[in-house]
């Protein structure tokens, strides 16, 4: 800028003269002239202060608030333990309870004995001096005692309970009259100090850390010994305990029954959940009445003949195939043989005393084989559900079984009807009979009641939409918005960015390059987003578990902030290299968001909203894409002056997320299962559900948390071993079906596609916006359909893949027609056909493949594997996105208009895979309230502990609460929104950026770059975002587990800030190289966001809203893409003087997230399962559900945590071993089906596509914005459809892929018509056809492939593998997106209008894969999904 221009900057502008907005403001307000432009240092300091403040709040203020809330909750809890006045009136002696501060005396009631309540501060030494020495009962429950209180002076003490404290050792006890010592749930590692307790009869040391049975030799009167949930490997040390009548050693590591032959008085023996292979050692136990051996490794019934008094035998969850060995134990009354491999029940008639028989989940195929049951005259309870006689032919089963009951069996007809309808499945017993009425026997189990937890349905688990839930959802979907925005933000301004790179290249004194090289650079910039997403997605699981879902979504705003500043200011600093860094960082951030947002949405949503919330991820992605395309309009930001503002717009969702931070809650699953914070989880759940009664849902969280504590989290390497391998393969394929469907090619290069279709001027931009709008609309529809009873995940995913398959072929045909030598009329037909089929392609994608893969991982993996699986899935997704982004231009330069045929082939494979793998799932989970869920032990019988049959997570249906909505919004605005915005922000101003790069290069080197080289640089800038996303997604698992979901999102803002800083610096210094760094950092941020945001959303959402929250990730992505495209309009920031604001804009959503997330709750699952903080989990769940009674959900998480503890933590290596391998592969393919569909090419280069379609002037930009609108609205629709009872993840994803397939074909045809030497009328038809097909393509994408793959990993992996699998899936997604963004410009240069042929091929493969191998995940437990994958794989 010369001196005169600098002076004119401060001059008043005459009336009537058009001037930039800033000059007009200074003209009207002269005081503004004294305000200088803030320096980069000032902006950096400002950002650092905000991020530091948020960090301080998270580290200091929030824990203090949680601690205060915990104390208050303890006060309320202890009040419940006090005796009532009625107790005093009846002379009953209430428990002695320790309270706070002062001594309180309760008044005497009708002569009742006065009882003193001594109060102490928590963590203070307990002083018992005020109690009388003759006290005989003392209970100190859940007081956080770290030291054993001195009770030696209480010589009359007979009962001492110190349950649920923090005791680490037992001192030498001298209490001669003590009969009962209860030390349940402490941290004791050795049995000692009991030698003087000679009268001790009952000892409970369950749920500790004991490695060996010892120190019991001086307890001759010991009758009952409880040592469940420890780490004992051998039965020993019981030689002197001859009076033992009850021994419980369940959930340990015992491999052999030994050293118990001397215990001749034993009546109850429980050895379930161990590693026992042989039934032996019972020769002398003639008095044994109850024997529990459930969930071991027994394959044969033997050595039971000495047990003449045996009444109950529990041998469920084994590998037993025959009943041989039971014929001599005729005294048995209850026999539990569920979950074995029994096909015939021969000799069962010999058990004449049998009253209860559990044969559910076996291999019984012939109803006639049950005839011998007629000999059992006392039989009144029979369970057969889950056998082939029911699952293979449900209609005949319902018809024939009542006939059998009526004619031959003496069963209770009413109860039989209940279990036939699967409303009250069997719950066997293992210890005692609670009660019996004239209708049926109600049996509860100390050991195996938890094994059937998910098969009963307590009330109060289906939630509603509450304000906290909505706020949490919005918080999370801001990350999805970031994701979508950055997908589409480079689309409309593609030519601007390429031009600027070329100019900047000269300004930097570089040697002139061919213009094609700058196109390649732009492709690199596009691809770096996916490359960063690879890393972000890979680490999304780690971030989710380490920082929590909410904090993880907040943390990803850091790279978003950095990347946004780097990209947005790149033009002003005159360094186009900053775009590379910024796109990479934003890719990392969006990679993290792609894993965190769906996870968070799924976890905060109640079961009846899980599909809806899962789809919201994709909906916001499409909204962001549409928004980025709108911003790319020439009259907004899509001009040479303002295109950086498209990139800077990422600051808006970031700011929104920060604003919503106090209102959002952490995922209750994270709080309870990972952090082990009961209070936080309960609080979050109550807030999210909007009611106090959340105990049922809280119970499920507690169960998951208890299980998590019993086993290590699943490592990434574990996901590819054993039973987790197949679910991981499916999750990977689901992700690949999203990316390799060609959707990213359609999204990234939609402008170019529309240009190839013959659109001129700004028409391609508007066509791209239209595509985004179609995407959003279809995503909204699919969000509704995904939980519809007539649809499901598989159906929608398959429909989407099939649609993408055929539309991709149509795109190729249309583009070929447009480029042919036919008459102009024919060419016009091809042009319009290409446009139409691109839109159909997007519609198909949005139907299922867009959103379903993102939360699919959360549905098919349990909490122990969910983080790892989510990381891998996100990694795969981002890697696939990176590949598509990098290679699309290359392939396009080779194949021309046939490029989408590559995606067609991939889609064909994915269709086959989805059809085969995900078959038969919809019928069982269409309605989450009427389905049963299977535990992980069905898939991993040798690794899991208690199942969750006594509580059904499907009934944890919460409502949208303020905290839930704000938390979700905070996660989405800084995660999904940043992802979508940074994905699409370079689209509309692409030409401005290219010009700026050219200018920057000239200023740096003094040489003019060739147009091809500038375009190459632009392609690199676009693709390096995916490179960063690969890294970010790779870190998802680590960050989600290490820092938690919420903290991970918060930390992610570091990369956002760095990316924005580099982008802003690149623009400010006219040094385009900084764009590489900025885009790379933003890619890292978005990579993390793609893993953290869905994870956080899924974990804070009530079960009925998981799909909704999970899909909100895609909703925000599409919205942010649309928003970035709108900002790219020439009327906004799409000018040569404003385009840089597009790059700086991501600081706004970053600030929003930093304002919201620190005040949002962490994921309850993370708190309980990963962090093992049950108090925080309870607090979080209460806040999220807006209810106090969330204990059912907490209990479920707790039991899931316990179950996870019994299984080794899933590592990255384990994801590709054993049964996790296939689940990971499916998740990866789901991600690939999203990226290899060509969607990134459409989003990144939609403006170019519209230009190819014949649109002139600003029409391509408006076309791009139109695509963004379509994407957004379709994503909204799919968000609604995803939880619709008639739809699901699979059908929406499949529908989207199929729509994209056909739209791609039509697009090719239209572009071919438009390119041929035909008449103008025919060419016009091809041009308009290209526009229409592009819109159809976007609609298909938004229907499912856009959002589903993001939370797919969160649905198919449990918490032990979710972080790692999400990281892998996000990594694949980002890597694919990187290659698509990088290769598409090159391929487009060679293949021209045939470029989409590549995507057609890929879409075809994805359609086949999804159709064959991807099951429905809606409303299903992780292990049930994995089991279905296993079955589909065998088929």
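The backbone N, Cα and C atoms fix where each Cβ goes, and this holds for glycine too.
Note that the coordinates shown come from a computational prediction; the quantities given were computed from them, not determined experimentally.
Quick look at what TrEMBL lists:
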type: DOMAIN; residues: 472-922; note: domain 'Major facilitator superfamily (MFS) profile'
type: DOMAIN; residues: 968-1418; note: domain 'Major facilitator superfamily (MFS) profile'
type: TRANSMEM; residues: 520-540; note: transmembrane segment
type: TRANSMEM; residues: 552-570; note: transmembrane segment
type: TRANSMEM; residues: 576-601; note: transmembrane segment
type: TRANSMEM; residues: 613-636; note: transmembrane segment
type: TRANSMEM; residues: 726-751; note: transmembrane segment
type: TRANSMEM; residues: 869-888; note: transmembrane segment
type: TRANSMEM; residues: 963-981; note: transmembrane segment
type: TRANSMEM; residues: 1017-1038; note: transmembrane segment
type: TRANSMEM; residues: 1050-1071; note: transmembrane segment
type: TRANSMEM; residues: 1222-1247; note: transmembrane segment
type: TRANSMEM; residues: 1259-1282; note: transmembrane segment
type: TRANSMEM; residues: 1294-1315; note: transmembrane segment
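Outside the transmembrane segment (1259-1282), and at least 6 residues removed from its termini, the chain residues within Cβ reach (under 8 Å) are 484, 488, 491-492, 611-612, 614-616, 618-630, 632-634, 638, 747, 750-751, 754-755, 759-788, 791, 793, 796, 835, 838-839, 842-843, 846-848, 850-852, 984, 987-988, 1107-1108, 1110-1112, 1114-1115, 1117-1119, 1121-1126, 1128-1130, 1134, 1242-1243, 1246-1251, 1253, 1288-1289, 1292, 1296, 1331, 1334-1335, 1338-1339, 1341-1344, 1346-1348, 1418. Between the transmembrane segment (1294-1315) and the listed ranges 963-981, 1050-1071, 1222-1247, the one holding the most Cβ pairs under 8 Å is 1222-1247. Away from its own ends, the transmembrane segment (1222-1247) comes close to residues 487-488, 490-495, 526, 530, 625, 629, 632, 719-720, 724-755, 764-765, 767-768, 771-772, 797, 801, 804, 808, 811, 838, 841-842, 845, 849-850, 852-853, 856-857, 860-861, 869, 872-874, 876-878, 880-881, 883-885, 888-889, 892, 899-900, 902-903, 906-907, 910, 913-914, 917, 983-984, 986-988, 990-991, 1022, 1026, 1121, 1125, 1215-1216, 1260-1261, 1263-1264, 1267, 1293, 1297, 1300, 1304, 1334, 1337-1338, 1341, 1345-1346, 1348-1349, 1352-1353, 1356-1357, 1365, 1368-1370, 1372-1373, 1376-1377, 1380-1381, 1384-1385, 1388, 1395-1396, 1398-1399, 1402-1403, 1406-1407, 1409-1410, 1413-1414, 1426, 1429-1430, 1433 of its chain (Cβ-Cβ under 8 Å, at least six residues beyond either end). Residues 486, 490, 494, 497-498, 501-502, 505, 517-546, 556, 559, 563, 576, 579-581, 583-592, 594-596, 716, 748, 867-868, 870-872, 874-875, 877-879, 881-882, 885-886, 889, 979, 982-983, 986, 990, 993-994, 997, 1001, 1009, 1048, 1052, 1055, 1059, 1072, 1075-1076, 1079-1092, 1095, 1212, 1240, 1244, 1362-1382, 1384-1386 of the same chain, all 6+ positions outside the transmembrane segment (1017-1038), place their C-beta atoms under 8 angstroms from a C-beta of that stretch. For the transmembrane segment (963-981), the residues of the chain that approach it from at least six positions outside its boundaries are 465-489, 533, 549-550, 553-554, 556-557, 560, 564, 586, 589-594, 596-597, 600-601, 604-605, 613, 616-617, 620-625, 627-628, 649-650, 653-666, 684, 687-689, 1029, 1045-1046, 1049, 1052-1053, 1056, 1082, 1085-1086, 1088-1090, 1092-1093, 1096-1097, 1100-1102, 1109, 1112-1121, 1123-1124, 1145-1146, 1149-1150, 1152-1157, 1160-1161, 1183-1186, judged by C-beta separation under 8 angstroms. The average pLDDT the prediction assigns to the domain 'Major facilitator superfamily (MFS) profile' (472-922) is 77.
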